[in-house]
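Quick look at what Swiss-Prot annotates:
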- 18-24, 35-36, 40-41, GLY67, 122-123, 125-126, 152-154: GTP binding site (BINDING)
- THR23, THR41, ASP64: Mg(2+) binding site (BINDING)
- LYS102: ubiquitin cross-link (CROSSLNK)
- LYS136: ubiquitin cross-link (CROSSLNK)
- LYS154: ubiquitin cross-link (CROSSLNK)
- THR73: phosphothreonine (MOD_RES)
- LYS102: N6-acetyllysine (MOD_RES)
- 32-46: motif 'Switch 1' (MOTIF)
Amino acid sequence: MAKKTYDLLFKLLLIGDSGVGKTCVLFRFSDDAFNTTFISTIGIDFKIKTVELQGKKIKLQIWDTAGQERFHTITTSYYRGAMGIMLVYDITNGKSFENISKWLRNIDEHANEDVERMLLGNKCDMDDKRVVPKGKGEQIAREHGIRFFETSAKANINIEKAFLTLAEDILRKTPVKEPNSENVDISSGGGVTGWKSKCC
């Protein structure tokens, strides 16, 4: 059996309208790269990045979902095992911000009750084209008791900070397991979070 190279596995999900920059946010964090020619995600895709927090190696499995309505049933099935969900809107697109309330409802309907949520106002490098004031993002985050960052995948603003903050928030409420605990086997099951036996 291959030696496990991490202590914990956190499944994260990026959701939001098509075109808000979810894939760019993910690639900036996972590969420190930015590409202006991404095509829309078809269905679902994921990346893995291992980070170290509080002396623990944490493998982040980050799922990038399609924002289009026609993929709705595919993507909602991925909400269940998610431990952290980033809701992304585009500060230059008012409709993408209005739809955040719809995405929040999707989380309530499909995700685990204790999932950590975070709101990201992306493309903050395009301030000259801004239509969503920062205060509006802060307000909706306050109303729902979630963290908020304005980010830019292009200019690499707050991307790493957002992911690490979300991971820290999850870590804070993750029960500490004894190192010799025998009931944990993450090596099987293709990387899904089978070890978190909260839901049935």
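A Cβ is built for glycine as well, from the same backbone N, Cα and C atoms used for every other residue.
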Lowest local Cβ density (other Cβ within 10 Å) among recorded positions: LYS102, LYS136, LYS154: LYS102
DSSP three-state assignment for GLY21 (GTP binding site): coil
Cβ-based isolation winner (fewest other Cβ atoms within 10 Å) among the binding-site residues CYS24, MET126: MET126
Neighbour count (Cβ, 10 Å) for SER18 (GTP binding site): 14
Helix, strand or coil at ASN122 (GTP binding site) [DSSP, three-state]: strand
Cα-Cα distance linking THR23 (Mg(2+) binding site) and ASN122 (GTP binding site), given in Å to the nearest integer: 11
Binding-site residues compared (THR23, ASN122) - highest count of Cβ atoms within 10 Å: ASN122
